[in-house]
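Quick notes on the structure that follows.
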Amino acid sequence: MEIDGLDCMYVKYARVWIPDPEEVWKSAELLKDYKPGDKVLQLRLEEGKDLEYCLDPKTKELPPLRNPDILVGENDLTALSYLHEPAVLHNLKVRFIDSKLIYTYCGIVLVAINPYEQLPIYGEDIINAYSGQNMGDMDPHIFAVAEEAYKQMARDERNQSIIVSGESGAGKTVSAKYAMRYFATVSGSASEANVEEKVLASNPIMESIGNAKTTRNDNSSRFGKYIEIGFDKRYRIIGANMRTYLLEKSRVVFQAEEERNYHIFYQLCASAALPEFKTLRLGNANYFHYTKQGGSPVIDGVDDAKEMVNTRQACTLLGISDSYQMGIFRILAGILHLGNVEFASRDSDSCTIPPKHEPLTIFCDLMGVEYEEMAHWLCHRKLATATETYIKPISKLHAINARDALAKHIYANLFNWIVDHVNKALHATVKQHSFIGVLDIYGFETFEINSFEQFCINYANEKLQQQFNMHVFKLEQEEYMKEQIPWTLIDFYDNQPCINLIEAKMGILDLLDEECKMPKGSDDTWAQKLYNTHLNKCALFEKPRLSNKAFIIKHFADKVEYQCEGFLEKNKDTVYEEQIKVLKSSKQFKLLPELFQDEEKVLSPTSATPSGRMPLSRTAVKPAKARPGQASKEHKKTVGHQFRNSLHLLMETLNATTPHYVRCIKPNDFKFPFTFDEKRAVQQLRACGVLETIRISAAGFPSRWTYQEFFSRYRVLMKQRDVLSDRKQTCKNVLEKLILDKDKYQFGKTKIFFRAGQVAYLEKIRADKLRAACIRIQKTIRGWLMRKKYVRMRKAAITIQRYVRGYQARCYAKFLRRTRAAITIQKFQRMYVIRKRYQCMRASTIALQALLRGYMARNKYQMMLREHKSIVIQKHVRGWLARVHYRRTLKAIVYLQCCYRRMMAKRELKKLKIEARSVERYKKLHIGLENKIMQLQRKIDEQNKEYKSLLEKLSSLEITYSTETEKLRGDVERLRASEEEAKNATNRVLSLQEEIAKLRKELHQTQSEKKTIEEWADKYKHETEQLVSELKEQNTLLKTEKDELNRRIHDQAREITETMEKKLVEETKQLELDLNDERLRYQNLLNEFSRLEERYDDLKDEMNLMVNIPKPGHKRTDSTHSSNESEYTFSSEITEAEDLPVRMEEPSEKKAPLDMSLFLKLQKRVTELEQEKQSLQDELDRKEEQALRAKAKEEERPPIRGAELEYESLKRQELESENKKLKNELNELQKALTETRSPEVTAPGAPAYRVLLDQLTSVSEELEVRKEEVLILRSQLVSQKEAIQPKNTMTDATILLEDVQKMKDKGEIAQAYIGLKETNRLLESQLQSQKKSHENELESLRGEIQSLKEENNRQQQLLAQNLQLPPEARIEASLQHEITRLTNENLDLMEQLEKQDKTVRKLKKQLKVFAKKIGELEVGQMENISPGQIIDEPIRPVNIPRKEKDFQGMLEYKKEDEQKLVKNLILELKPRGVAVNLIPGLPAYILFMCVRHADYLNDDQKVRSLLTSTINGIKKVLKKRGDDFETVSFWLSNTCRFLHCLKQYSGEEGFMKHNTPRQNEHCLTNFDLAEYRQVLSDLAIQIYQQLVRVLENILQPMIVSGMLEHETIQGVSGVKPTGLRKRTSSIADEGTYTLDSIIRQLNSFHSVMCQHGMDPELIKQVVKQMFYIIGAVTLNNLLLRKDMCSWSKGMQIRYNVSQLEEWLRDKNLMNSGAKETLEPLIQAAQLLQVKKKTDEDAEAICSMCNALTTAQIVKVLNLYTPVNEFEERVLVSFIRTIQMRLRDRKDSPQLLMDAKHIFPVTFPFNPSSLALETIQIPASLGLGFISRV
């Protein structure tokens, strides 16, 4: 096609598309520029072949231009600069084959290509990622279309439709299914009925009864359906409704080759062996005529039996009862048996069924009808005239057709019945506010033989295409009008003439219905009517040349030839009425008549059934109760008429909604995964309207840019003076210069509109400008590099010259020195040579003389020696001969012994072999291994001993050798002496010359003898050395064996140690993982619990609002409100009987704990009971002793004197107050005991039992206080007594006199003395009791030590026994032992528990006796002293010094002020004011100080009430202001501080390590609040999770914009052209979030948490969670956005991450683990930037990206998109290499990270250094009603 103004683009190296018969379009490159008028283009194909492309001489049409590479693979086809068929086809192919992306936008259409492979892109994580996103912001997906429909429904208050179309096998049903799954997941249901599950459950049912295997698709939908999913006002699913269209009934009775019937039949046959299906008498699918015709009863990878289970489960979920299900299966089985009914011909016009024909018998049994009646009407029909009725036999062919028609009719009615019941199950119970319809309908079809079904399908597609064209046209017009661009009418294909040809008056359908009414109407007569009516009158109707029974219609997609044969029969859809009556008469089978009830209700063409669907395949059967005069021709409308009416109804529905289009494409006909057939794809693209969308877009202004995007992209084409503050004006000025033809673009309000190809032209200019800039930069840099190189070379040359010249001068000086040295050397050398020669001659002469003299002496010596040696030789030879004889004899004897022993050994071996076969022998051998090891060790020791003996022998040999050497030296000395004598005899040389000859001869002889002796000596020496070497070798061998054994032992020990260490490390890691998992699971349960709690509160509030009855007063929390709260926060008004069930219900709400934990709890409880019993017994004994002692003292006491009376009166007052307290407490105790008499009351842990213990504790503490006061009084008296001592001086006498005068009565001294004695007695008794207790404790400890020793010995014995067993038996034995031990301990504990119960009952009786004694004592004392005496008698005050009371760190409040305290301190407290002005955690400190005071008062009700109110108050505040980060953070920090205070002051040693002595004094004394600590810990976990949700909601909108879209480094990223689906702009406009926004928000979070005094460790965990959310959301969006996967975006991400890391460093949070959570994002950014070409790059990527999964790595590489022409795409081969390298990596197949994951939180103990007594309560809190204690 020739594009005006683009001729300049046809230059050398430009790429174009040329037509190709095989590939449809081929790419080629221009070899020279095109000039107007050229008739031929010189092209070169991609494979290197040159080609001359001839232009059409008439149209001069140029081949289409190819888009720039950076635009290839775009998400939206409308983003392409050149919009034409080859560009669309190539873009889809690149995305599908190279990037494995099956979804692509084409304007408003989503193109979905069937991959024929399961892809991991439909999980719930993907649904969550697309939820709430704009359609253009994410990669194309069916979920994006569904989200857009859902969002527009909520935003525009308008119903929506999703129209899914395509060929059979293109994936329509799957796409519709995923769209419905998206709605079900995102919206949820409005009730507890799980409507969304029912909507999804309808799919398996409809697929089983409406889908079948075809040659094109294994799961082809053979009907169309429109599902309306209803929503309420809150846009939650409330119901659904389904309409079906044109079920392919003919498939029930006939299947083509390689095809199947409907799935349900094969599912039934596969499940025939089930007990409930025995009555159906089914068998293999190949047995039935209706299931074996296709010859392909099995689908690869599909288990029909398993699918049957899914179908039945779906039926049950949708409310179809088991009885109805069995009825359905009976009907289906009956259809199968009906197909096996055979007919026998009587003659040409009649037939019969064999008698008792088995298939018909089974059919009649299943249907509950009479055999004879059904057999009769299968072979006959009734003919009714105006006067008579005839019964006529029918031929065999007509009978078979009637049988098949009956089967089809039954199945169609069953199909409609099931659809009705599905609709009833999905019917909304509340009013529907809006709906989204999903239309899954057949696409345009054309086969070799096209019949009535294809005609209806293509008719429906014509209507849908018309609606689609109008909608696209309307959207284009709206866009132009919105941007105020002049609207010019765009010519688009209008298929109204084709629709008129089909449905208008005298159209094809009208003529077909008219022919059906004719008595003798046939397909041939109908064809003639068609030819007469439309041929040559309508351009869209044609007649085939070679056929008179066919016609051709020119549809919008293609010409289709239809065969007329069968049109009338299929349109009539007739079935014999008599057969239907027989089925209706079934009395035993209730479901069967139900199928035909609806036929009695004749519907009008426009009316619908109550379920909202139009029945489309009704049969022409007369109603059961017809009037006698009613003719049989007054049946329901024909199939074509019904289809036309339902299609009109569908179009009305679609026109009333906003449509969304999904076009499914089938990439090949062979179901090969990721294989693209261009011919088939183009055929479908033309048929589904995608190319029409492209054509409409291309006819106008398809490319659209915002002014800001245009400015950012083409800023490089502007000069500095062109840039104005007004972006719009700047763009206008630049475009006027760049594009001279003003018709090529238009300026809208917010966008610039371009004609097709103009963006490519601008891209070319931009690329040329960038290329020129690159060349200039390269030129400058290369010049600078060459200059630098020249300067460096010149400097190096000068340096080299300097060094060379210096070297030459040094060489010359060296030459001169060497010449002078050579002369000197020559002089000395010559002198040396002469002197050497002289010395040599002199030495030679001396040597000759010496040799001669020596020779003479040696001759003499040799003669003497020879005689001696001969004697020695003889001695040795004789000895040797004797030894040889002995050895031979010994050898013979040994040989005989060996032969005998061998014989005996063979016998022994035989025995051993026999024994070795037995199991006992193996055991003996196994047991004897240790003996063998010991033997080997002994053998080693023996060999060591032998080695030592050999060493000793060797040393003795060395000693003998040294002695012989000494002898030889003596001989040498003697020879030297003889030599001296020879020197003296030199003068006799001349006389002895004659003897020299003789001596020479003797010399030769001696030399020969010497040689022999030397040879013998050498041989002896060699043998000796060989022996020594053998000994050494044996020694080394033994050493090596020993070392080897030692090494093996060490290796085994090391291996065992290493394996144990590895096991320990692995077990530790596993335990840590299990702990984290358990902690996460527990915290998730808490999260779910809090969610249910809130939901419960909301429902309760809604119920209260609905009832509208105000309930004054306090409402008690329901026991199911909170499992933890019900356990720990019960109020005092609840009786014990009510409380017990609450405690018993708690484990059922939580996860059942392990048996071991229960066992440990029981053991702990028994120990506590023992301690309580002992303390109780001691207290009772002590009280009894004190009471008896008090009575004895009163009886023995002398008459009371004055001072004693004063003291006794004071004591009586104290006893009176003490007795009053005891009386009150005993009254409370008696009241608590008499209120309930149930056995639960007296059980340990019951409230009465607690009251008892509390009373005894308070009595003992009060008595201790009184004792201390008495001791202080008596010590004061003793000090006064000591002060009165006689002194000698006058001053002392005077002082003494004064002191004596002060003491009016000497009785005081006596009283002090008596007090001192009593003190001593008391101390002595205490010492004795303490000694006794210590002795008892020592004895018990000794017993425990003894028992532990016995246990230890027993364990050691068991361990030794277990070590001898094999590993399996060892584990079993240890488990058995552990079970036995635990059982014994459990039994012991049960016995102890029974004993404790008996003891407690006994103690209660003793307590009653004790209470009576105290009462009698009180009465006796009151009788002794009258009230008058106490009041009137003056009491002398005793001087008792008291300490000044300091502030004890407690706060006192009245019980009635508790609600006020909670209100002021929790409910109405403003966190901001407290955080800024007061100390952190002040509310927690105040609450704890109040708890301390209640603990000090020993008031358990007050403690319980305060803690319950506090927890409920915090929950109430968080529910009311749970979206405020400051509030949640404030109460998280205060809850943690309160928890830490309860731990710090609990009195437990583990928490008191860091306390000051003063803080230890403030510990709780009466109550153990460990259970409440657990409740507070759970509350803190819930608050933490709420905090995470709050900050996630705050951060979520910022992350994608700030981390991905915003250009932190300006100018790095380039904005690519976008299509109709505009993405969110990455340019920072006002209101968009940037990285600075995220960092500011992080700073805000951090400062708030620090101000609130949150624990540093907790802040680290919050920061780690925040960074994980940032990393996960960013990475997930990156993986779903192709436009973000580029090199420049990787740089932006890495810079953003570095800024976040810098923030961590500034806040000193690098060790929080937050950086590690960003590792996947960092690696993804690095992956975008690294080289991606060679195998080395692949290896580097695999080693670098260890935090990314394989799916994520491959996804990033597939999505990688160049932004500029200078970048290169990732090759498919490189991605395959990566996949091959990563195939062994075991990681999650999940693509996206779980952004909702919350790390398990821990609260490490953090004690406070703040002293409680220093805390001041500010008046601003309004807590004036509490006072410091």
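Start at 1 and count along the chain as shown; that gives each residue its number.
Using N, Cα and C of the backbone, Cβ positions are placed for all residues, glycine too.
Among the features that TrEMBL reports, ATP binding site is placed at G166, E167, S168, G169, A170, G171, K172, T173. Among the features that TrEMBL reports, coiled coil is placed at 919-1109, 1324-1413. The compositional bias 'Polar residues' annotation in TrEMBL covers 1120-1134. Annotated domain 'Myosin N-terminal SH3-like' per TrEMBL: 11-63, in sequence order.
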Out of these binding-site residues, S168, T173, which one has the fewest other C-beta atoms within 10 Å of its own C-beta?
S168
Among the binding-site residues G166, G169, point out the residue whose Cβ has the most other Cβ atoms within 10 Å, with all shown protein chains included in the count.
G166
Note the mean pLDDT of the coiled coil (1324-1413), expressed as a whole number.
70
Taking 10 A as the limit, how many CB atoms besides its own sit near the CB of E167 (ATP binding site)?
25
I want to check the contact list for K172 (ATP binding site): same chain, sequence separation of six or more, C-beta distance under 8 angstroms. What comes out?
V164, S165, G166, S221, D440, I441, Y442, G443, C664
Near A170 (ATP binding site), how many other Cβ atoms are within 10 Å of its Cβ?
26
Other than its own, how many Cβ atoms are within 10 Å of the Cβ belonging to G171 (ATP binding site)?
25
Using the centroid of the Cβ atoms of G166, E167, S168, G169, A170, G171, K172, T173 as reference, list every other same-chain residue with Cβ within 8 Å of it (recorded ATP site), in sequence order.
N114, N217, S220, S221, G443, C664, K666
Could you break down the residues of the domain 'Myosin N-terminal SH3-like' (11-63) into DSSP helix, strand and coil, giving a count for each?
0 helix, 24 strand, 29 coil
